[in-house]
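See below for the structure under consideration.
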Amino acid sequence: MSDANANHVENRPANLAANHPSDLAARAAALDTADELGKLRDRFTLPDGVVYLDGNSLGALPTGVAARIAQVITHEWGTELIQSWSSGTWWTAPERIGDKLSPLIGAAPGQTVVGDSTSVNLFKALVGAARLARPGRTRMLVDASTFPTDGYIAESAARMTGLTVVPVDPSGAAAAMDEDTAVVLLNHVDYRGGRLHDLPALTAAARAAGAVTVWDLCHSAGALPVGLDEHGVDLAVGCTYKYLNGGPGSPAYLYIAARHQGAFDSPLPGWNGHAEPFAMTPDYTPAAGAVRGRVGTPDILSMLALEAALDAWDGVSVEAVRAKSLALTDFFLECVAAYVPAGKVESVTPAEHEQRGSQVSLRTEDARAVMDDLISRGVIGDFRAPDVLRFGFTPLYVGFADAERAARTLGHIFG
Ligand SMILES: *Cc1c(COP(=O)(O)O)cnc(C)c1O
């Protein structure tokens, strides 16, 4: 995060008609009334009196999950026992749920499997990408601003495949791609500052350079259109416990573009990814399709919780979610400018819509103490070291009144 990314939140006099506090509250109410997605909040169970702006870390609980998991435990596990593996919904859950979330990432069916953590899927994707890469290429470009686990895994994957990691800022990634670039790992949205990177252009640049792309969608899937198929992405991973509301530690996903599936050589060829898992043969023959991205026995409870959680997306268009997300973050920034005294916070989230994810990150002194204070007042965001207050806007269950209250509460803390 460089200073070039910082925009001072512009302070306007509080008596300016457009930003008078009572006007902002009234505008929030009007925006919520007009909001088509507002009624989707009923699809979630949220505690009363809380403004929840941390759905980019742990999504809220969708209403159907508890009953579904109770049924899985008491009936499928408790009564049906082992038969649930074959007769029920268990064995094929990774690919079935992969297909269920595919529309949210712009993927046709058959290219996405759910399972393991994002970290593990990054390992599969990066080693798999290195094995797909053109022979003789030596470099793996890695987003230097990335969530740490991506960098750790990339370093090991590169070492195992004989590549050298080259850290790049995503803004300079296209210029760094050349005939020596084997693999490019980028984040769609930066987890700390909320910057949205240009997936179509960066993917096109990688293709032109003959490199294999791996995109990390942890902070974009479920918040904005991704378009994996449309833009020709090779491989992608992402979590499901953030904007997809799958629950704590819910399994991640791996996307393998159809054109690469025949050649995708997983570094973790577990028996679940075998063409005939129950033949129990000593030799490994990978399954066709994205199923070869599976490893071992899936964590059924978390996986079926995720499946039920995805019902919250029934009939929802990602484009509508994106439009509301931008309106929410715009409105929040406007309220912060009106309520927070000048000079106390600065936004590190880009003002330009095309560079903004679905969060607002405000840099301030004593950020940890400020966030603790906000949480004690019922506004839940999070703190990212060293000095960032992070507010995630999840359009399925956050409204404009929430944004207004969060900014007003922040203003009280500095007031
Ligand atoms: C949240 C997040 C992860 C989390 O990885 P886990 O293996 O699920 O712990 C990884 N990468 C990015 C970019 C993230 O935002």
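Heads up, the Cβ atoms here are built off N, Cα and C, so glycines get one too.
Automatic prediction, not curation, is the source of TrEMBL annotations.
TrEMBL has this to say about the protein:
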BINDING   Thr118, Ser119, Phe147, Pro148, Thr149, Asp150, Asp216, His219, Tyr241, Trp271, Thr297  pyridoxal 5'-phosphate binding site
MOD_RES   Lys242  N6-(pyridoxal phosphate)lysine
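Proximity of the binding-site residues (Thr118, Phe147, Tyr241) to ligand 1: a Cβ under 6 Å from the molecule is found for Thr118, Phe147. Between the CA atoms of Thr297 (pyridoxal 5'-phosphate binding site) and the residue listed as 'N6-(pyridoxal phosphate)lysine' there is a gap of 23 Å. Looking at Thr149, Tyr241, the binding-site residues in this record, the fewest other C-beta atoms within 10 angstroms of the C-beta turn up around Thr149. DSSP assigns Thr297 (pyridoxal 5'-phosphate binding site) to coil in the three-state reduction, placing it in neither a helix nor a strand. Among the residues the record lists as binding pyridoxal 5'-phosphate, namely Thr118, Ser119, Phe147, Pro148, Thr149, Asp150, Asp216, His219, Tyr241, Trp271, Thr297, the two farthest apart have Cα atoms separated by 31 Å.
Here the binding-site residues are Thr118, Thr297, and the one whose Cβ sees the fewest other Cβ atoms within 10 Å is Thr297. In this structure the C-alpha atoms belonging to Phe147 (pyridoxal 5'-phosphate binding site) and the residue listed as 'N6-(pyridoxal phosphate)lysine' are separated by 14 Å. Counting every protein chain shown, the number of other Cβ atoms lying within 10 Å of the Cβ of Phe147 (pyridoxal 5'-phosphate binding site) is 19. Annotation for the residue listed as 'N6-(pyridoxal phosphate)lysine': spatial neighbours Gly55, Asn56, Ser57, Leu58, Gly59, Cys218, His219, Gly222, Gly392, criterion Cβ-Cβ under 8 Å with sequence separation of six or more.
Asp216 (pyridoxal 5'-phosphate binding site) counts 26 other C-beta atoms within 10 Å of its own C-beta, drawing on all protein chains shown.
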